[in-house]
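Copied from TrEMBL, the annotated features are:
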| type | residues | note |
| --- | --- | --- |
| BINDING | 235-242, 317-321, 379-382 | GTP binding site |
| DOMAIN | 400-413 | domain 'SRP54-type proteins GTP-binding' |
| REGION | 42-99 | region 'Disordered' |
| TRANSMEM | 6-27 | transmembrane segment |
Amino acid sequence: MSSTWFLFVVVAVVVLVALLVTGLLIARKRRISLDARREVEEKPKGGSYAASGGIALAPGGTAEAPEVQHPVEDRPEVDGQPAVGDDAAVPRDSAQRTVRDVKLPEEPAEAPAVEEIEPATGRIERLRGRLSKSRSVFGTSLLGLLGAGDLDEDSWQDVEDTLLMADLGAATTNQIVERLRDELSRRAVRSPAEAREVLHEVLTAQLSTDGERAVRALPHVVDGKKQPAVVLVAGVNGTGKTTTTGKLARVLVAQDKTVLLGAADTFRAAAADQLQTWAERVGAEVVRGKEGADPAAVAFDAVKRGVDTGVDAVLVDTAGRLHTKTGLMDELGKVKRVVEKQAKVDEVLLVLDATTGQNGLMQARVFAEVIDVTGIVLTKLDGTAKGGIVFQVQKELGVPVKLVGLGEGPDDLAPFEPGAFVDALLG
Ligand SMILES: Nc1nc2c(ncn2[C@@H]2O[C@H](COP(=O)(O)OP(=O)(O)OP(=O)(O)O)[C@@H](O)[C@H]2O)c(=O)[nH]1
């Protein structure tokens with residue numbers, strides 16, 4: 001009986017163990033197959049990347065990104081650009097690099113180059129081509145008429161018209177025609193060469209004047225002390241005052257004279273800058289005031305500075321005054337009076353634009369009433385066929401033409417010499 005019970009118990013235990021093992025195996029098998037299916041189901045379509053973690057979010061607003069020490073700091077040769085290895089060190093989604101100020105090496109300030117200046121002697125000959133417009137009137141027209149031999153009244157009328165059109169004015173034209181008639185018949189002129197000689201003589205004589213043509217721009221001694229020459233440059237806007245002042249400074253510097261420029265044209269904003277540029281080109285000092293400052297005060301300061309520093313000449317560029325504005329014209333008189341508290345004004349150059357013809361003459365008259373003009377500068381003779389204005393303006397003012405402007409170039413200013421001028425006109 002006991003052995004039967006023992007056998008029964010063993011069989012029961014074996015069955016129980018078998019059942020237990022089978023149950024466990026079945027349960028495990030089920031779980032594996034389930035998980036595998038889910039894995040297949042959850043796999044995203046299209047082969048895209050499935051992130052393993054979520055995106056870190058932070059509240060917006062003022063939170064500042066931590067400063068990143070970028071390796072570029074240590075590698076100046078990459079010049080701030082990403083280079084190989086940068087991404088490895090700084091992940092893409094780390095804070096962006098900020099713009100950094102990089103100190104560039106300073107460029108050495110360029111000293112303004114002082115230019116070489118053409119000698120002034122013989123300039124009118126060298127610039128004679130610039131008078132080509134006026135030359136065609138005098139050279140081609142007049143010589144054509146006079147060189148043709150005996151002139152009838154119609155031909156003399158043509159000579160007269162030609163001179164009038166060249167802006168010689170009625171009085172000067174009459175005098176010239178009369179002289180030409182006399183000389184041509186007295187000398188029994190037959191050839192064009194003889195006609196040219198007579199014309200040259202008559203025109204040159206018309207240009208002669210008792211006035212001194214030298215520009216008074218050299219220093220002198222007062223009470224044993226060197227005093228700079230003081231030159232005022234006056235004229236209507238745009239006639240070429242500033243340009244002439246600059247050109248004249250070059251002429252002086254080329255002769256080893258020291259020059260100071262006074263920018264008393266305080267009306268036109270760019271005038272002082274323009275003068276400063278001229279000064280820098282020749283290495284001269286400039287005295288300038290604020291825009292709109294009293295021109296007389298600037299002129300005074302310039303002359304004072306010139307006296308104190310012992311320069312050879314002070315050239316004062318005055319404002320472009322319209323001759324119709326009497327107040328402004330009076331101011332020019334004031335500039336002169338104020339300057340003369342410092343030093344005598346040696347030269348008042350009136351700049352006239354030759355292309356304005358008769359209008360230029362009207363300006364000259366008004367200026368001469370306000371200020372004692374001592375010399376005339378006739379500019380832009382290169383751009384006009386009316387070179388004859390030279391003849392009129394001298395007669396009108398009784399003041400010599402001292403300088404002529406024959407172009408915009410820095411050395412296109414020539415001393416006025418009647419013989420050379422007429423030569424250039426006749427070609
Ligand atoms: N062709 C030619 N142009 C000239 C001559 N002189 C001056 N100019 C030109 O004329 C213009 C006026 O010259 P500026 O010197 O500025 O005249 P400004 O009288 O000082 O003028 P404001 O300062 O306005 O009163 C510039 O373009 C010069 O280059 C000359 O002889 N020939």
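Each residue, glycine too, has its Cβ placed from N, Cα and C.
Keep in mind that TrEMBL annotations are predicted by a computer and have not been checked by a curator.
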For the domain 'SRP54-type proteins GTP-binding' (400-413), sequence-distant contacts whose Cβ falls under 8 Å of one of its Cβ atoms, 6 or more beyond its ends: 115, 117-118, 120, 123-124, 127, 130-131, 209, 211-215, 240, 243-244, 246-248, 250-251, 278, 281, 349, 375-382, 390, 393-394, 421
Listed binding-site residues adjacent to ligand 1, that is, members of Gly238, Lys241, Thr318 whose C-beta is under 6 A away: Gly238, Lys241
Counts by DSSP class (helix H/G/I, strand E/B, coil) across the domain 'SRP54-type proteins GTP-binding' (400-413): 0 helix, 6 strand, 8 coil
DSSP three-state assignment for Gly235 (GTP binding site): coil
Count of other CB atoms lying within 10 Å of the CB belonging to Gly238 (GTP binding site): 14
